[in-house]
Amino acid sequence: MKNRTKMAVFASGNGSNFQALYEATQDGRLDADIVLVVADKPSAFVLERAKQAGVPAFSFTPREYASKQAYESMLVEKLEGAGVEWLVLAGFMRLIGPVLLRTYENRIVNIHPSVLPAFPGKDAIGQTLEAGAKEAGVTVHFVDEGMDTGAIIAQRSFAVDGSDRETVERKIHEIEHQLYPESLQQLFSRQQSV
Ligand code: GRF
């Protein structure tokens, strides 16, 4: 039997990337299991998606903890309890701190809706359009202590060509939903063969 990587998906909102990853784990494109969804907002729609998919989910409210260190220590317990090997951020709107970075060193990835290093941070699509950039796109990268600064794993771009925001957003999501499962499959298979 194939060795399936155990991952947790971290999200703050809609969770369309969670959905795409989950579907890839079910139809053979991604040899991994999402063993936990973590949301930093109890109202995040991703929690509803996890429930529908039968994936265990956990939400918390950061301001109820004394510090980032406090809530990340609590998360480490949950993650280790679920046997999580990789953290996969998908629309998680919070910087990862030293506790998680140390525990999951080189095993935290993120997806960002721009061709990094251009337009890191919030509203990357808005930043791209406002700057009049010729290209928009998506980056999958490792997470370090910075904001969207870790080593790049994969990128895909397309010409903006005067498209409106709605069109650019739709294309970005289409790319994300393919690129994330593909990149993780490659990454995990490299890990599994070492
Ligand atoms: C995606 O565009 C991702 O690149 C960014 O946040 C968005 C999350 O979308 N980090 P969804 O919640 O997965 O639909």
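Every residue gets a Cβ built from N, Cα and C, even glycine.
Per TrEMBL, the feature active site, proton donor maps to H112. Marked as N(1)-(5-phospho-beta-D-ribosyl)glycinamide binding site by TrEMBL: G15, S16, N17. Marked as (6R)-10-formyltetrahydrofolate binding site by TrEMBL: K68, M93, R94, L95, I96, N110. What TrEMBL records for 6-183 is domain 'Formyl transferase N-terminal'. Taken from TrEMBL, the feature site 'Raises pKa of active site His' covers D148.
Taking the features listed in TrEMBL, we show where each one sits on the structure.
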residue: G15; record: N(1)-(5-phospho-beta-D-ribosyl)glycinamide binding site; Cβ contacts under 8 Å, 6 or more apart: V37, A44, F45, V46, L47, R49, A50, A90, G91
residue: S16; record: N(1)-(5-phospho-beta-D-ribosyl)glycinamide binding site; Cβ contacts under 8 Å, 6 or more apart: H173, E176, H177
residue: N17; record: N(1)-(5-phospho-beta-D-ribosyl)glycinamide binding site; Cβ contacts under 8 Å, 6 or more apart: V9, A11, A90, G91, I111, E176, H177, Y180
residue: K68; record: (6R)-10-formyltetrahydrofolate binding site; Cβ contacts under 8 Å, 6 or more apart: P62, G97, V99
residue: M93; record: (6R)-10-formyltetrahydrofolate binding site; Cβ contacts under 8 Å, 6 or more apart: S12, G13, D40, K122
residue: R94; record: (6R)-10-formyltetrahydrofolate binding site; Cβ contacts under 8 Å, 6 or more apart: S12, D40, P62
residue: I96; record: (6R)-10-formyltetrahydrofolate binding site; Cβ contacts under 8 Å, 6 or more apart: E72, L87, L89, I108, V143, E145
residue: N110; record: (6R)-10-formyltetrahydrofolate binding site; Cβ contacts under 8 Å, 6 or more apart: L89, A90, F92, V140, H141, F142, V143, D148, G150
residue: H112; record: active site, proton donor; Cβ contacts under 8 Å, 6 or more apart: P120, A124, V138, T139, V140, H141, D148
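Excluding the listed site residues G15, S16, N17, the same chain places A11, G13, N14, F18, Q19, A20, L21, V46, R49, A90, G91, H177 with Cβ atoms within 8 Å of the centre of the N(1)-(5-phospho-beta-D-ribosyl)glycinamide site Cβ atoms.
D148 (site 'Raises pKa of active site His') has a Cβ environment of 18 other Cβ atoms inside 10 Å. Using a 10 Å Cβ-Cβ cutoff, L95 ((6R)-10-formyltetrahydrofolate binding site) registers 12 neighbours.
Not one of the binding-site residues K68, R94, I96, N110 has a CB under 6 Å from ligand 1.
Look at K68 ((6R)-10-formyltetrahydrofolate binding site): DSSP puts it in a helix.
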